[in-house]
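*Asks:* Below: one structure in structure tokens.
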Amino acid sequence: MNVSHPSVHPVEDPPTTDGGNPPRVRMKDIQGMPGTPGGLTLRICQLIFAVAALSVMATTSDFPSVSAFCFLVAAAGLQSMWSLLLAIVDIYALLVMRTLQNNRIVSLFAVGDGITSTLTFAAACASAGITVLIDNDLQGCAENHCLQFETATAMAFISWFAALPSFLLNFWSLASR
């Protein structure tokens, strides 16, 4: 019997004529990035804890006497305004089903998140240092509002923990373009 055996010859892709790189495939939106439900959740957590830190610290009568506590109030106020603004943008993006992956928007979000999270972290660290000084070293919690200072400092740290993923995801998205 004369049976022919087919032979397989590999076929190469034709070279591109424009000489450039082929277009890259975009990843899906990762939860936590702007315009996603995870991003909105992070913004709302940032807002809640920053407002809590601001409220608790502002209700004490002697916070203006310490510059670190004034810094915490200013940083928490800035963090709450930034988080509220971006939560509104996230809500709008989710309602109209738009993605917020524009280079300019992501750059703005990354820079804003970096600045506000750094300020919040620095203010929380400074306030924690002063609180430890008052409590442990000066033994002055009897005449001060140590519980309120500690609560406000903890809320500022939690707000920073919620802001950090937003910054890292926006920075990563910006750097991967």
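Each Cβ is built from the backbone N, Cα and C atoms, and glycine gets one as well.
Grabbed the feature section from TrEMBL, which reads as follows:
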DOMAIN    35-162  domain 'Casparian strip membrane protein'
REGION    1-30  region 'Disordered'
TRANSMEM  40-60  transmembrane segment
TRANSMEM  66-96  transmembrane segment
TRANSMEM  108-134  transmembrane segment
TRANSMEM  154-175  transmembrane segment
*Asks:* Hey, which bits of the same chain come close to the transmembrane segment (66-96), Cβ under 8 Å, at least six residues off its ends?
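*Replies:* The answer is 34-37, 39-40, 43-44, 46-47, 50-51, 53-54, 57-58, 60, 109, 112-113, 116-117, 119-120, 122-124, 126-127, 129-130, 149, 152-153, 155-156, 159, 163.
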*Asks:* Tally the residues of the domain 'Casparian strip membrane protein' (35-162) by DSSP class, grouping H, G and I as helix, E and B as strand, and everything else as coil.
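*Replies:* Final tally across the stretch: 106 helix, 0 strand, 22 coil.
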